[in-house]
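S.K.: Sharing the feature lines straight out of Swiss-Prot:
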type     : residues     : note
SIGNAL   : 1-19         : signal peptide
BINDING  : 20, 108, 195 : Cu(2+) binding site
CARBOHYD : 25           : N-linked glycosylation site
DISULFID : 78-198       : disulfide bond
DISULFID : 120-124      : disulfide bond
BINDING  : 184, 193     : O2 binding site
């Protein structure tokens, strides 16, 4: 058991050195909710279990990314070998979700940030990720005047990003898919880096709108999309944020 603990520590260290980040936690109107963190993977390996959290299980052991050549694989849904979170957080429609990335400072100032949502027909804790159809509710790209990307804004905000749950969204069980697309290598084929992170949230309130038909995660992006393969190191006057159209609610 002692050797397992040592291996776990080494694994966590390797992740912090080689990797980039994941959603460590998220708050809703100030209420803290734990995300799935790398420590939990090693807890599962050593003990067979880990804490019940709303963040989805994923095996991004290097805190790394999904590359464009993996866009048609299940890993693009909610990261590598992802599985639903064991519980759901609760939030009223119209609430703000603040996603906290970590464990260190996000290293990439180039690239957009997007967030999707899907309603589960039952509990999101047992949903089949391959059957989910995603609707985009938030997107941010580049400020053409300042040439500052959304990910630089995230860094300036202490690795935090705020997403508003549409006020009109009807009550139900939802999975929110929050994603950074790091574009520092986007000028080369297969150079974009996607960091999808998923959390379960039970939405309450008086909203009445159902989500429109969504898009399977494996169809959200193509490696040659103009917002995926482009030169981020030139003055940008037009940029198409990857993914389907934004739902206005």
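Placement of Cβ uses the backbone N, Cα and C atoms for every residue, glycine included.
How about a rundown of where these features are and what they're close to?
M.R.: Residue 195 (Cu(2+) binding site) is surrounded by 25 other CB atoms, counting those within 10 A of its CB over all protein chains shown.
Secondary structure at residue 25 (N-linked glycosylation site), taken from DSSP and collapsed to helix, strand or coil, is strand.
Cβ neighbour count for residue 198 (disulfide bond): 30 (other Cβ atoms within 10 Å of its Cβ, all protein chains included).
Long-range C-beta contacts of residue 120 (disulfide bond), restricted to its own chain and to partners at least six residues apart, with a cutoff below 8 Å, comprise 127, 172, 173, 174, 175. In the three-state DSSP scheme, residue 120 (disulfide bond) falls into the coil class.
Same-chain residues at least 6 positions away in sequence with a Cβ under 8 Å from that of residue 184 (O2 binding site) are, in sequence order, 108, 110, 111, 193, 232.
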S.K.: Near residue 78 (disulfide bond) in space, meaning Cα within 10 angstroms, which of the recorded positions do we find among 20, 25, 195?
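M.R.: For residue 78 (disulfide bond), the recorded positions whose Cα atoms are within 10 Å come to 195.
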S.K.: Can you tell me the CA-to-CA distance separating residue 124 (disulfide bond) and residue 198 (disulfide bond), as a whole number of Å?
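M.R.: Cα-Cα distance, residue 124 (disulfide bond) to residue 198 (disulfide bond): 11 Å.
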S.K.: Just checking, which of 78, 124 (disulfide-bonded residues) has the fewest C-beta atoms within 10 Å of its C-beta?
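M.R.: Comparing Cβ neighbours within 10 Å for the disulfide-bonded residues 78, 124, 124 has the fewest.
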